[in-house]
Each structure stands twice: as structure tokens, then as C-alpha cells.
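> Heads up, here are the entries from Swiss-Prot:
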type     : residues : note
MOD_RES  : Ala2     : N-acetylalanine
REGION   : 31-92    : region 'Disordered'
COMPBIAS : 53-65    : compositional bias 'Pro residues'
COMPBIAS : 66-77    : compositional bias 'Low complexity'
COMPBIAS : 78-90    : compositional bias 'Pro residues'
REGION   : 103-122  : region 'Disordered'
COMPBIAS : 107-118  : compositional bias 'Low complexity'
REPEAT   : 211-251  : repeat 'WD 1'
REPEAT   : 282-321  : repeat 'WD 2'
REPEAT   : 324-363  : repeat 'WD 3'
REPEAT   : 366-409  : repeat 'WD 4'
REGION   : 384-419  : region 'Disordered'
REPEAT   : 413-453  : repeat 'WD 5'
REGION   : 456-516  : region 'Disordered'
COMPBIAS : 457-478  : compositional bias 'Low complexity'
COMPBIAS : 487-499  : compositional bias 'Low complexity'
MOD_RES  : Ser495   : phosphoserine
COMPBIAS : 500-509  : compositional bias 'Gly residues'
REGION   : 532-573  : region 'Disordered'
COMPBIAS : 550-563  : compositional bias 'Gly residues'
MOD_RES  : Arg551   : omega-N-methylarginine
REPEAT   : 601-638  : repeat 'WD 6'
REGION   : 637-674  : region 'Disordered'
COMPBIAS : 642-674  : compositional bias 'Polar residues'
Amino acid sequence: MAAGGAEGGSGPGAAMGDCAEIKSQFRTREGFYKLLPGDGAARRSGPASAQTPVPPQPPQPPPGPASASGPGAAGPASSPPPAGPGPGPALPAVRLSLVRLGEPDSAGAGEPPATPAGLGSGGDRVCFNLGRELYFYPGCCRRGSQRSIDLNKPIDKRIYKGTQPTCHDFNQFTAATETISLLVGFSAGQVQYLDLIKKDTSKLFNEERLIDKTKVTYLKWLPESESLFLASHASGHLYLYNVSHPCASAPPQYSLLKQGEGFSVYAAKSKAPRNPLAKWAVGEGPLNEFAFSPDGRHLACVSQDGCLRVFHFDSMLLRGLMKSYFGGLLCVCWSPDGRYVVTGGEDDLVTVWSFTEGRVVARGHGHKSWVNAVAFDPYTTRAEEAATAAGADGERSGEEEEEEPEAAGTGSAGGAPLSPLPKAGSITYRFGSAGQDTQFCLWDLTEDVLYPHPPLARTRTLPGTPGTTPPAASSSRGGEPGPGPLPRSLSRSNSLPHPAGGGKAGGPGVAAEPGTPFSIGRFATLTLQERRDRGAEKEHKRYHSLGNISRGGSGGSGSGGEKPSGPVPRSRLDPAKVLGTALCPRIHEVPLLEPLVCKKIAQERLTVLLFLEDCIITACQEGLICTWARPGKAFTDEETEAQTGEGSWPRSPSKSVVEGISSQPGNSPSGTVV
């Protein structure tokens, strides 16, 4: 489907009047995604609330040790929260975290609990920040679109003074009705650990700002860990914490543990267990976001220097590197099977990078401003032969999927999510992106883009042809048959040697295995060889010399031979030199994707994108949360009215204005003042 191929026929290139209209539904091959009629009032009040003047606030103390105090009184509950950007310092981006606690609330459509004790009941819990405030709500149940997030009835509310919450994350591994662990990062550098059930459980890390004085840009619990988490800062540092250990009373001392191209890893010098346990210095400038692979073994980081770096977390080795086309990278996510990484950033593009091949496989152009959020949709990402091969769960055969293409691909329509791929076949990855241009885009990454058959089949003679099997299938997998979960030892046997360099990898930088030399040069040879296979002789001659840039001390002539053979603490990637190599291919050297859907869905920049089984959740900077029902999951007007009444949950997907929160002081107890 062409860009913007939804109802109304408008797209990115339509008239200004059409582009200004906020969409309430969009269509894909599986049907219509709808924002139901119950959201009309909230939608009409959205722009008005964004223009409501914010009452003058009392002066706040500057962030620092003096403002990091214990529990205290909250600010006035009657003043509306800030809506949208305004004069003065920019507000932190609105973030949303969701945790699932097993079975949904037994109350069904009954009134949700209005006290903090209600956090212990089943269902989902949602946390999001707005300005200096942090809100907690009962979220969507497992039938995601059949319950809305009622922003007028918060379970808990916390107001912070002197600093602002910038990010947060629930511990899904330990989440239960008796404990909900949450991490909150702040603009002054502190990190708070709290339990929403056990009110006496609360800790503040980096309280005196001795570890790092810059804002916390992102934090995440380690997969399947009860106590370990990572926190990244605007300084470009990534810290490993243990909630069971205290912080040192003096600035921590570190010893160099490992070093490579563009990164360094330090261990804390301390006889007693103290936080932080380790520090990573990654890239140049702020470390904007990071994400663990589905198997929890690899860590993908994106920085303001425009680099995507993928590390093997346990061995702290650099496994992959990619450079943005322009500017910094702001967001990152993994595909459900761990084969691909998608990034978005200041080049207005979404970039798909293959972890198994170490190269950019596609770029997507549909946004007109920075891309703030990217996410794969595991419920429409599918392998069409998986159902036939597995023969489980009563899924339809491949012939039935071909007969009913519009019904395939949704979580409720018999699609086969990739987690991981049981068998190689016709693969379609679905992912989405949300940008500062208020546009929401959906993208399909299909097999013809991932494995282009005709050009490669004519000249490629080495094993591991991408046109026949996925790249991981031809890699040495230590005896593991077929493409399954990414193993700890991922071989690069499908990498092609450079015709001039003989495939030698000199220079430190990227390592495939401990003790095995691996350099960025192999990334460059991949793209150069594929350009030759496509018959692009002109491009090959034009950029042939650039293939030696990243080969370090491999003996090649040109600027590559001038790089030092030893590791460097920070990245020295020159954008002018890497452009045209595998680290950063030119626009015409990789497929350019068109969005399946590209719609304006908000008045302010979008900051949140979550894919759930029955719905999609988006949020924008003015504090509006939208729930989009998947095809076949939306109620009619009569059903919505029948299930929405006085004192009951509105059971249709809705978008609510945070301005209504302040009218519920009884439901908004204050928390820790930082």
C-alpha cells in the first residue's frame, strides 16, 4: 500500500488542509484500526488544553543534593499540569511504562480501586510522567482494546520538586499482586527505586550526584533479574546498579576493564559492594536509548553521535556498528526473533540493520521530523510457512492464508508471531514509528527487501546466499539446526571477503568471539560485495577506496592505514569517510521503504509507541494517550454506551486529557519529593 494509504486518501504529500486533520482510523491489509467514537470529546479538548495558559508556579530550588529530600507535601492539586511546550526550560518527553500482573481484575466492568492499595489487584498497571508529576493507573487488560486507560482516576500520583522524572521502567520479571518494582530516572541524575505495593520500600541512588550529574536518559531492568538494572545518562555513560547495594559516600573510583572502538568499560574499585558496579563510556554525547535482544544476551545502544552499537553484554564485546545518515539516533528496538534492529533519529529516517549480516538492509522515509519512537509489532510480524511447519495452535494452512490475506497477520486472526522463527519461509516484519511531526507510520519489511533474489542469484557463488535462506541459516551455529534463537556464539561465516584485502580483518573494534579478531572492515566488505553483485559497477568504482577506511592496520592504502592499531576510548568515526561504506550506505545503495500507513494522530510531537495484543498505544507530549483497537476489536456506538456508565469502566479504547486528573485530589496521593 502506498504511503498514507488509509481512509480519506490523504498522505504525506497531500494538501496542507488534509495534513492538518487528525485521523481517527487507518487501514492496513488486516482491516481498520480505530479510535472509537467515545474519544470525540477528548479529541476536541486536546488542542484547547494545549493552549490553556499554565498558572505561574512558585520558584523551585535548583536540582542538586539540597533538593533531594525525603517525603513531603505535594504541590497544589487544583492547578492543571503543563500541556505542551511553552516558554522556559523544555519539559522531559512523556514516557509510558506498562506491567502485566497475571489475570485481569475480577471486578470486570466494576469501578476500579481509587486507593494505592488497589495496585495489588490483577490486570495491567500503567505509569507515565508529565512535567514534574508521575501518574499510575490500572491499564488495559490482556484483551487490550476492551478497556481504556481512564486518566481521570489515577491509583497514585507523585509530584517531585527540584527535578523532573525523565524515564521509568517496571520489573516485569518480579511483578506480582504483592510487589511491583519501579525505577524512575530524573533530570538531575538521581535514580529512585520504589515498590508500589510495599510503601516502605524506597531507595534513591546517586542522591548526592556523585556518580553522574547529568540527566538520566533511559533505564531498564536486566532481563530476568530481580535486582540489577542499567541507567544511561546524557554524559554518554551507562551504569550498572544493584538495588541491594548502597551508593558510596565519595565519588567512585574505576579501573579500566575493557576498551574498544568508541567504548570503554570500567569496574568500580571498592572492597565492599557499592553502586555502581560498572560504568560504560559509549560513543560521544548523550546515550539516548538502549534495548536488550529478545534472548537477553545482546545490548543495542544508540547515541547522539549517530552510532548504533551492539554489544554482547556478558563478554562486553562489540558485535556490530552502524552510523546514521545524519545526526543522532534517538530510539532503538529489536525484531521479535532478534535478527534485525530498527533505529530512528534526527535524519527523519527509520533504519533497519541486520544483526546476523552486520549491514543496513533498508531505510524508511515517511517522517518530516525526528523519529522519537520505534517498535516492532510481534502480533502482525509473521512467517507464512510457520503454521504449516509447526502444525500447532490450530493455525490456518499456508493456502488459507493466501486465500484470505486481509485476515492474516493480527494477533486475533491466526497470524504466526516470530519468537523465534520456527522455519525459514515467506517473512513479513511489521514495525511502527512515531515522530516529532505528529505522524504515526507503519512499515512492512518483506522478504523481497530482505533477500533480493534476481541480482544476487546470478553472481553469488559462495555459501550463505541471502536469496535462498535467511542469513542465520547459513552461519555456523555450533550444531544448532535451522534458524532459532540467536546463540551466544554467533559466527560470521556468511561474510564475504574483500576482493583486494583477502577478507583479513585488522584492527580492534568489533569482535565476534572472545579472542577472535574482528573489525569494522568486514561490515564494509559486505556492502561493497553486494553492490558488485547487483551489477553497480559505477558505484563500485566510485566507492572502492572507501572500503579500506575502517580496516585499521590491514595494510591498505589511504586513510584507513593511518588509524592507530590500538584501541581508542572514544569513537573517531568521520561522517565524511564512513558515508558510502557499510557503516552508512548512501540513500540509493539500500532499499527505501514507503510507509504502509502515515497519519497525523496528535497535535503535539509523539513520544510513545506500544504494540499490545489487541491494541496499539500512542502518547504525545501534551499528555494525551491514544488506544487504537485492532481490526475486529472495536465496539460499536451501542456496545460502547452499554458498557460505559456511571461508576464503571469505559470499555472502549479512548484518549483522555490529563487536565482532568487535577480534579481528583482524593485519588491522587502525593509521594516522594526529590
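The chain as shown is numbered from 1 upward.
Cβ atoms here come from the backbone N, Cα and C positions, even for glycine.
Help me see these features in their spatial surroundings.
Per-residue confidence over the repeat 'WD 1' (211-251) averages 96 (mean pLDDT, predicted model).
According to DSSP, the secondary structure content of the repeat 'WD 3' (324-363) in residues is 0 helix, 23 strand, 17 coil.
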> For the repeat 'WD 2' (282-321), give the DSSP counts of helix residues, strand residues and coil residues.
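Tallied per class, the repeat 'WD 2' (282-321) gives 0 helix, 24 strand, 16 coil.
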